[in-house]
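Please find one structure pasted underneath; my questions will follow.
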Amino acid sequence: MAGGKIRREKLQRGSGATAASNPHFQGGIPFHKSKGQHILKNPLLVDSIIQKSGIKSTDVILEIGPGTGNLTKKLLEAGKSVIAVELDPRMVLELQRRFQGTPYSSRLKVIQGDVLKCDLPYFDICVANIPYQISSPLTFKLLSHRPLFRCAVIMFQREFAMRLVAQPGDTLYCRLSVNTQLLARVNHLLKVGRNNFRPPPKVDSSVVRIEPRKPLPPVNFKEWDGLVRICFNRKNKTLGSLFRQKTVLSLLEKNYKTLQALQLTSEDFSDDKEMAECVSALGDTLGDLSMDADEGKDDDEDMEMDDGETKTSDFKHKVLGVLKLGGFEEKRASKLSQADFMHLLSLFNKAGIHFS
């Protein structure tokens, strides 16, 4: 959460034990690190974030986790209005007190609640220092928001930020990288040391700019996510090896037979609401910093399909034939670009093989 420094007050008699047990107890409000309450205290850094955000005087700005309002004040100075979403009622009260009776009061709307559960109103730009434990679901909630906003400038834990911007071949390149970059242009703006916060977190941070793609790429996101999940299950194994696994072939063959029986193809999206739901689902089970699985799996999952059964063998050859056609059999997910995944998905779909 981003916010301002609460003025230090002399602790009244009898409160010494509280102060001693919580060194981040200020002005009657203790900051909870477990809730991601790390207050951005460096005014020069706040100014830099504002400058890099490119805020227009006509912008409606969304801020998530405003805390006590240090960043909020700068946002109000730069834009038309600010919508601040804050979970902690103590911080909501402090924020309201800070701007009560000022010219900014009428331009600030505070929503008390969980940003992941509440409906977000219209906004032009999002600028926020968020609790890091909600990084992944929040990113995809924002990217599923309609109408699309111009950009989001967000403070993330540094490793998560570097995954967002990672390119094919980078160590941190993963399903999070691929899914985010499918939906948005992502740029790293600046690194932020842990000592810029009160209380200081255990990790460094980075500010990232996320700009939604307009229009979105012409892809069925359910299909896309199904393919990418398989490919990044073992991102450093060859695709030929991955698609020989029993579990993968069984799943694809089941989809293949179902669609053939119904004489259907993969469905397009019927409306914007369905598309938004599918976009949001791309962030499901990603985990903020969970590594893509390259180890720890049961040996059973790695077993290749036996060619003993003719029908199963025919489908296996069909799948491997698609990989050979596109030259993907010896390639690895860790090295594939957005265009590569798009091409691979189209080849599978043309062969009647679907992932949802």
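Just so you know, glycine gets a Cβ as well, placed from its N, Cα and C.
Unlike curated entries, TrEMBL annotations are predicted automatically.
The feature S-adenosyl-L-methionine binding site is assigned by TrEMBL to H38, L40, G65, E86, D114, N129. Per TrEMBL, compositional bias 'Basic residues' is recorded for 1-10. Positions annotated as compositional bias 'Acidic residues' by TrEMBL: 291-307. Taken from TrEMBL, the feature domain 'Ribosomal RNA adenine methylase transferase N-terminal' applies to 45-214. Annotation comment: TrEMBL describes 1-27, 290-310 as region 'Disordered'.
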What count of other C-beta atoms do you get within 10 angstroms of the C-beta of N129 (S-adenosyl-L-methionine binding site), across all chains shown?
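For N129 (S-adenosyl-L-methionine binding site), the count of other Cβ atoms within 10 Å is 31.
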I need the most crowded of these binding-site residues: E86, D114. Count other C-beta atoms within 10 angstroms of each C-beta and give me the top one.
E86
Across all the protein chains here, work out how many other Cβ atoms are within 10 Å of the Cβ of G65 (S-adenosyl-L-methionine binding site).
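Result for G65 (S-adenosyl-L-methionine binding site): 27 neighbouring Cβ atoms inside 10 Å.
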Within the domain 'Ribosomal RNA adenine methylase transferase N-terminal' (45-214), what mean pLDDT does the predicted structure show?
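It averages 95.
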